[in-house]
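Novice: I'd like to ask you about the structure that follows.
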Amino acid sequence: MTKPRILAAFAMTLIIPVAAMAAPQFFNIIDGSPLNFDDAMEEGRDTEAVKHFLETGENVYNEDPEILPEAEELYAGMCSGCHGHYAEGKIGPGLNDAYWTYPGNETDVGLFSTLYGGATGQMGPMWGSLTLDEMLRTMAWVRHLYTGDPKDASWLTDEQKAGFTPFQPKSSGEDQS
């Protein structure tokens with residue numbers, strides 16, 4: 001083999017795996033049907049965070065201190081009634097530890113799919129109540145409330161895991177973000 005062919009073959013071994021990485025797939029957590037994002041609100045579809053998430057499955061809002069105050073408000077208004085103020089669980093399951101009623105929720109793609117498409121019981125789909133961007137922000141707040149060992153938090157990057165402190169509620173009146 002000539003040197004140019006060897007270099008070309010080597011280059012292809014680097015290019016093909018990158019090209020083979022497909023965008024994440026989103027399915028209804030209950031029936032397995034593909035989620036239809038045409039149902040989503042128009043507002044909040046084209047943010048950089050949403051575009052990045054739909055291409056990679058990575059929520060750039062996770063542990064972003066700038067969005068946490070708004071994320072807390074979204075969670076308080078849409079989720080805390082069932083899941084508890086600190087995601088400790090009420091009539092809905094707890095969301096702040098390493099146990100997931102739907103194991104797919106351990107990933108951001110899975111949690112997003114549950115938010116978007118709904119789950120069993122009283123957890124209806126959120127596509128008519130939250131924008132796609134608001135869903136990502138709400139997910140970031142849920143992830144922020146995590147009380148477990150950071151090594152088990154698959155949604156965090158290695159860098160985020162190194163600096164992550166498990167959530168502990170502060171005394172009444174203190175900012176939780």
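Cβ atoms are placed via backbone N, Cα and C, with glycine included.
The heme c binding site annotation in Swiss-Prot covers Cys79, Cys82, His83. The feature signal peptide is assigned by Swiss-Prot to 1-22, with sequence analysis given as support.
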Novice: Counting other Cβ atoms within 10 Å of each residue's Cβ, which of the binding-site residues Cys79, Cys82 comes out lowest?
Specialist: Cys82
Novice: Can you count the other CB atoms that lie within 10 A of the CB of His83 (heme c binding site)?
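Specialist: Counting Cβ neighbours of His83 (heme c binding site) within 10 Å gives 22.
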Novice: For heme c, what surrounds Cys79, Cys82, His83 with a Cβ no more than 8 Å from their Cβ centroid?
Specialist: Tyr75, Met78, Ser80, Gly81, Gly84, Ala87, Lys90, Gly92, Leu95
Novice: Would you identify the secondary structure of Cys82 (heme c binding site) according to DSSP, in three states?
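Specialist: It is helical.
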